[in-house]
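Trainee: Got a structure here, written out as structure tokens. Questions coming.
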Amino acid sequence: MKKIFESVDKTIFLVAGSITLLLAIVSIVFTEQVASIFSGIFNFFTSTLGFAYIGFALFVIVACLFVSFSKYGKIRLGGDDEKPEYSNISWFSMIFAAGMGIGLVFWSVAEPMNHFMVPPFADPQTPEAAVEALQYTFLHWGVHPWALYAAVALPMAYFHFRKGLPLLVSSSFYPFLGDKALKGGFSKGIDTFTVILILIGVATSFGLGALQIQSGLEFVFHISGGTLLAVVIVVICTVLFVISSTAGIDRGMKLLSNTNTVIVFAVMLFVLLVGPTLYIFNITLESIGDYIFKFIPMSFFTDANGTVAAHTGENWIGNWTVFYWAWWITWTPFVGSFIAKISKGRTIREFVLAILGVPTIMSCIWFGIMGGTGLNMELTNPGSVIQNGAVDTNSSVFQMLSNLPLSGVISVLVMLSLLVFFLTSADAGVQVVSTMSSRGRENSQKLIKVIWGVILGLLAIMFIVTGGLSAVQSLSFAFSFPFLIIICLMMAGFFKYLKKEELDE
């Protein structure tokens, strides 16, 4: 036992674990107060500093594309002759599974439906609103989030594989601090904060995913299990993802991700063939065209004159676009770290273009098919998906599927996909926090992975049982702005150090 913990950074392990547990307990005991305080903080960020989130998301896209197409794009993440560890298909599958996870299923129909009901510019529930709904869904799930992930993953992969530094966020500060970035209070503080953000973010998604699986079981099989059913789902999933994480990436995460890719393609193909096929092709193509040609205006849009707010009756940009950029930023520590971990041997150009391009295309196809089908149902038969004038986020995808042939079979496949996304996200989270609490070692001890996995499962159960999910979600969003600053510094350090590569040529 002593040997196992010799490889662990006890400061990060104990401090991050203790603070996360303390924040969880406070959120549970004082749910309303915590939700109010941190929602207020986040609302301040979105209303006062919304422009910073919007500008930053666009900045990282430009920065990533710049380094990709520059002379530095040919630099390999590792030795000059390093070969990739994973095939392209496995690499793409793992990136997509970790980066999108549960949310891809969670919002596949719900987000287009919400925008269809309250579009930023078009008249509600019209054909024009349907196109606009997909257009903005593509914006929120397309290039921007993947650029944010790349902004964290690229510096980490570069400094680890190219320069031999630990696989830690703090290693990206080496150009500024030298050896002080590898040890001492500052580096431990950065990595501890990162681990806390990962634990809270993954546990929250864990809880939300369990609730959606529960909703699917209740909708399809009419099982009424309530909170107990959600807890049972968390327990089963915890056992499964702990087994997966201890099995290693090759026998765990890679296998799950490849399996889920097959399931996702099967679901898409089925819905495309039995759904409104021609409409799906038309609206997806049209919405992608709008997304491409309006990409710059949408990326810069802050609703400075309040025209969208007046049209929708709400702070639409803050509630959706800024909210999403903050959400993706809270996910960058663990998704970015995981992408870095599996990207040894890739060139910078290959790394950036693949991460920004492939998942974006996949997301557009997925939302085009799933969301487009739901939109067509509402246009041709109002009330097919939207119930009592509202969109049920948890069950909207199952509500849409219930209107198709063999709905029971395809709903089971969707729940299976949801389960595997659940496992891959949690698995990736455990892999990353285990690495970060083991001084950046890629192959951390199995017991450490088990401990972190159990902690994640217990946190999710606590949040579900006490109804503290919203409070903890507000907490994680409030942490997004500090991490935005950290990402800026990571990118600055990365570009600063790249200049030395020129001297080596």
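Glycine residues also receive a Cβ, built from the backbone N, Cα and C atoms like all the rest.
Annotations per TrEMBL:
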TRANSMEM  12-30  transmembrane segment
TRANSMEM  50-69  transmembrane segment
TRANSMEM  89-110  transmembrane segment
TRANSMEM  143-161  transmembrane segment
TRANSMEM  193-213  transmembrane segment
TRANSMEM  219-243  transmembrane segment
TRANSMEM  255-281  transmembrane segment
TRANSMEM  322-339  transmembrane segment
TRANSMEM  351-369  transmembrane segment
TRANSMEM  404-426  transmembrane segment
TRANSMEM  447-469  transmembrane segment
TRANSMEM  475-495  transmembrane segment
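Any idea what these are sitting next to in the structure?
Mentor: For the transmembrane segment (50-69), the residues of the chain that approach it from at least six positions outside its boundaries are 143-144, 147-148, 150-151, 154, 299-302, 317-318, 321-322, 325-326, 328-329, 348-349, 351-353, 356, 480-481, 484, 487-488, 491, 495, 498, judged by C-beta separation under 8 angstroms.
Same-chain residues lying 6 or more positions outside the transmembrane segment (89-110) and placing a CB less than 8 Å from one of its CB atoms are 137, 141, 145-146, 149, 205, 208-209, 212, 249, 253-254, 256-258, 260-261, 331, 334-335, 338-339, 342-343, 346, 354-355, 358-359, 362-363, 366-367, 370-371, 373-374, 385, 391-394, 396-397, 399-400, 414, 417-418, 420-422, 424-425, 428.
Long-range contacts of the transmembrane segment (143-161) within its own chain (CB-CB distance under 8 A, at least 6 residues past either end) are made by residues 57-58, 60-61, 63-64, 67, 75, 77-78, 82, 99, 167-169, 171-172, 174, 295, 299, 324-325, 328-329, 331-333, 335-337, 339-340, 343-346, 348, 351-352, 355-356, 359-360, 440, 487, 490-491, 493-494, 497.
Counting same-chain residues at least six beyond the ends of the transmembrane segment (193-213), those with a Cβ under 8 angstroms from any Cβ of the stretch are 12, 16, 19-20, 23-24, 101-103, 105-106, 169, 230-231, 233-234, 237, 330-331, 333-334, 337, 394, 415, 418-419, 421-422, 425-426, 429, 432-433, 436-437, 452, 455-457, 459-460, 463-464, 469, 472-473, 475-476, 479, 482-483.
Non-local neighbours of the transmembrane segment (255-281) in the same chain are 89-90, 92-94, 96-98, 244, 365-366, 368-370, 372-373, 376, 380, 401, 404-406, 410, 413-414, 416-417, 420-421, 423-424, 427; each lies 6+ residues outside the stretch with a CB under 8 Å from one of its CB atoms.
Beyond its flanks by at least six residues, the transmembrane segment (322-339) meets 42, 45-46, 50, 53-54, 56-57, 94-95, 98-99, 140, 144-145, 148-153, 156-157, 167, 169, 194, 197-198, 201-202, 355, 428-429, 431-433, 435-436, 476-477, 479-481, 483-484, 487 of its own chain at Cβ-Cβ distances under 8 Å.
Long-range Cβ contacts of the transmembrane segment (351-369) within its own chain (Cβ-Cβ under 8 Å, at least 6 residues beyond either end) map to 61, 64-65, 67-68, 73, 77, 88, 91-92, 95-96, 99-100, 104, 108, 111-112, 134, 137-138, 141-143, 146-147, 149-150, 153-154, 157, 264, 268, 271-272, 275, 280, 283-284, 287-288, 291, 339, 343.
Remote same-chain residues near the transmembrane segment (475-495) are listed as 23, 27, 34, 38, 41-42, 45, 49, 52-53, 56, 60, 63, 67, 148, 151-152, 154-156, 158-159, 169, 172-176, 190, 193-194, 196-197, 200-201, 204, 323, 326-327, 329-330, 332-333 (criterion: CB distance under 8 Å, separation of at least six residues from the stretch ends).
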